[in-house]
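One structure is given below, encoded as structure tokens.
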Amino acid sequence: MGATEHVVEGENKEGRKEDGKERVDEVVEEEKEGEKLDLEKGPVGAVIVEDSKGLERFEDERDHFHVSMLQRLNPTNPLRIVINGGTRVATPSPSQSSRFQPTPPPPRSQPRSTPTPQPSVTTLNSRRFTNKLALLLYLVHKVAAIALVCFLIFKGIQGLIDGSNPAKRKEERVLKYLLPQVEAASLLSITLAFAWQKALREWPQIMVYFILWCTFFMSLSAGILLICFQKPATDGVGVCFIAFAIGNGLYACWVSQRVGFCCKVLLKSLEPVDKFRDLNQPAYWMLGAGFLWMSLWILAVVGALNFYYPALVIIALLLSLCWTTEVMRNVVNLTVSRVIALYYLRGMQSNTQFCFQRALTRNLGSACLGSLFVPAIEAMRIIARGLNLLEGEDEFMFSCAHCCLNVMQSIFRYGNGWAYVQIAAYGKGFVRASQDTWALFEREEMEPIVDSDMMSAICFLTGVCSGSICVIMVAAWTAKVHQPFTATISLLAFFIGYLMTRIAMALPHACVSCYYVCYAENPENRLFDKTIKERLELIKAGRDVVVPTPRVPRRFTR
């Protein structure tokens, strides 16, 4: 039994020694792993349980090794030792770490490549003023017009005060029999302007037909009424109205095939208007300013009767009034175009007041230049088309018809009403915006569609209809109180009604322009439907031909 116990105790001692060795080996492996972790990551932590004398001896050797390593450190070496709960953090310096990094091989010599020029990114928030020369010209004109109006008002008041002046009686008659009718025509035209715009936004499909034929009947009625007065002046004005009514009726019959597509585009383009409740405020401001300026303008016309060359002065005042109201209309056009264009191009809901301020400052030069040239270019283009219409087969009498039309088409590329969209969106100049916009139409092959667009004609006819209604009211009124003024007051009422209505109709016109131009820029935009795309496909397939300019039959040209 005793021998057996000694054997068991020996086995136990050997087992304990082997366990101690295994633990020491495990600690050594942990320390090696800790040193690797220290070199790679920094923090090292180790918890050692002292179970045997061998483990204590190993710890003493390890501490001695670390102390000797610290003693050999260079004092200038920025190695930081942080003792925090047994944790050591070492941060080697960049110069020291760079010693152990292999030097990179020298770069291979590569042939120099010429940098490719990057296209300039067009910004939507351009801060530069466009068409500064036109802006300067308009401001100089406006200052001169204000000075002339104030001077003529002073002359009118002076003529009324001076009792010995022979023109006093004439001025009194004008103030009594002309001023009330003209002011009434201004108020009526503003009311009609908003009525037309509201009706067109609510019932676009009905109003297109209504405007075409209402203008015909109203202009015809105004012409017949003026002829009934049996005065040479009223007869001449009445014949002009009747001639226009006949042309309007022929146009309404000619474009009957295009009305359906015009209604579709108008209905779709007016959809974003409901998202901007204050979009009509620029039109309110411009109409209010137009009414005030027109009231002063009428007083200046009265004062011109007491000045040298009254006819020339009144013509100059009329031209200034036309340019001023056209600029007001295009300011509204630019404001609405920026709001709607940014909605189509970027999905943004812009601030209408900010866009209005931008149109009155940075883009005002383009509005002035466009107001001066676009009506003249479009009028000359219509005349060229009329010559092409009358050409028929007689090349001898109308040999220059094609030449005139081609010249006007070329000029139209450098100045057209579609340019206001890119002027408002990107802050481009008028000529460049016209070229870029027409280039977009050519790229998408949309020239037949935009060339036959009816929205410009609809807005024009709306103004003529309002002017005709004002003529009917003013002519009937003046014929009862002072018939010799009938023709003069009728012409003034027509111009006032036309110009004020065009300011309000700038909103739907701008919406349609934005729809076409923004579609040409990005046809894949999810905000556009397939209206234009299907129309283009029908035109290319020959199933829906755009109505060409009619020709006079050959039998009538012989």
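Every residue gets a Cβ built from N, Cα and C, even glycine.
No curator has checked TrEMBL annotations; they are predicted automatically.
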Transmembrane segment range according to TrEMBL, out of 177-194, 411-428, 483-500: 483-500
Listed range which TrEMBL flags as transmembrane segment, given the options 236-254, 502-520: 236-254
Annotated stretch (transmembrane segment, per TrEMBL) among the listed ranges 308-328, 371-391: 308-328
Contact yes or no, the transmembrane segment (208-230) and the transmembrane segment (483-500), 3+ Cβ pairs under 8 Å, gap 6+: yes
Intrachain neighbours beyond the transmembrane segment (455-477), with Cβ under 8 angstroms and 6 or more residues off its ends: 181-182, 184-185, 188-189, 192-193, 196, 200, 208, 211-212, 214-215, 218-219, 221-222, 225-226, 229, 234, 241, 244, 248, 251, 255, 262, 265-266, 378, 417, 486, 489-490, 493-502, 505-506, 508-509, 512-513
Candidates 135-157, 236-254, 483-500; stretch with most C-beta pairs under 8 Å toward the transmembrane segment (308-328): 135-157
Folded-back contacts onto the transmembrane segment (236-254), same chain, C-beta under 8 angstroms, at least six residues removed: 212-213, 215-217, 219-220, 222-227, 457, 461, 464, 468, 471, 487, 490-491, 547, 550
For the transmembrane segment (483-500), sequence-distant contacts whose Cβ falls under 8 Å of one of its Cβ atoms, 6 or more beyond its ends: 174, 177-178, 181-182, 185-186, 188-190, 192-193, 222, 226, 229, 231, 233-234, 236-237, 287, 290-291, 294, 298, 318, 321-322, 325-326, 463-464, 466-471, 473-475
